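What Swiss-Prot lists as transmembrane segment is 12-32, 41-61, 80-100, 109-129, 167-187, 194-214, 226-246.
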Amino acid sequence: MINPIALKCGPLAIHWYALCILSGLVLAVYLASKEAPKKGISSDAIFDFILIAFPLAIVGARIYYVIFEWSYYVKHLDEIIAIWNGGIAIYGGLITGALVLLAYCYNKVLNPIHFLDIAAPSVMVAQAIGRWGNFINQEAYGKAVSQLNYLPSFIQKQMFIEGSYRIPTFLYESLWNLLGFVIIMMWRRKPKSLLDGEIFAFYLIWYGSGRLVIEGMRTDSLMFLGIRISQYVSALLIIIGLIFVIKRRRQKGISYYQE
């Protein structure tokens with residue numbers, strides 16, 4: 001088993017979980033800051049937004065997780081802030097981040113559609129890297145299986161949990177996000193192939209579809225009244241993305257995404 005603590009200096013412990021999230025964030029900000037000027041948004045606007053959105057998204061992700069695991073946390077109130085042990089829900093972070101983005105664009109008089117198109121590929125990369133934090137913490141895994149011989153030994157060892165090998169759902173989602181990133185980066189380079197806003201819509205449909213399937217393999221899903229919350233949210237994202245594309249294609253005067 002991999003030690004979840006990457007570095008310890010006296011009482012200060014730096015967890016791999018945090019390093020994975022921060023690594024994803026740094027790469028995402030870099031990519032977004034390079035793309036933003038092409039859409040008339042300064043790199044400084046990206047940095048300013050991240051300084052506001054990232055901490056709020058972490059809080060939102062934690063609140064989302066705690067709400068649906070309240071039966072546990074009501075008895076362990078001291079653990080509510082212990083995010084270094086894992087337990088932040090991506091959908092909580094995405095919802096919070098989207099709300100902050102809309103508020104930021106309104107305040108700075110920026111086009112939110114352009115901002116969302118810039119953010120979507122970067123978010124995919126951040127999620128792909130961040131999922132490895134779940135791997136280190138041995139969370140977000142799937143059902144028990146007899147073997148994982150198709151995977152490298154270090155993954156097999158880390159996925160041996162509670163006496164059984166587990167489906168590495170973290171890996172599936174990480175690769176799914178990475179594949180989505182590659183597709184959209186290639187697609188958006190083709191002239192007049194995507195309308196403004198459709199990169200964001202692609203993200204909603206792509207991530208929602210992958211998460212809908214992968215969530216069904218997991219054994220630690222957040223539940224509400226016996227329902228896997230993330231599957232319903234995923235289905236909602238797909239519907240929103242499809243409706244957005246259909247309406248966008250029917251509208252006249254919508255400009256094409258241009259690099």
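Glycine is treated like the rest: Cβ placed from N, Cα and C.
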Top Cβ-contact partner of the transmembrane segment (194-214) among 41-61, 80-100, 167-187, 226-246 (pairs under 8 Å): 226-246
Selected stretch (most C-beta pairs under 8 A with the transmembrane segment (80-100)) from 41-61, 109-129, 167-187, 226-246: 41-61
Stretch in 12-32, 167-187, 226-246 most in contact with the transmembrane segment (41-61), if contact is a CB pair under 8 A: 12-32
Positions on the same chain near the transmembrane segment (12-32), where near means CB under 8 A and six or more residues out: 2, 4-6, 46-47, 50, 54, 84-86, 118-119, 121-123, 125-134, 136-137
Beyond the flanks of the transmembrane segment (167-187) by 6 or more, those residues with Cβ under 8 Å of it: 120-121, 124-125, 127-129, 131-132, 134-135, 139-143, 145, 148, 151, 155, 159, 193-194, 199, 202-203, 206-207, 210-211, 214, 217-218
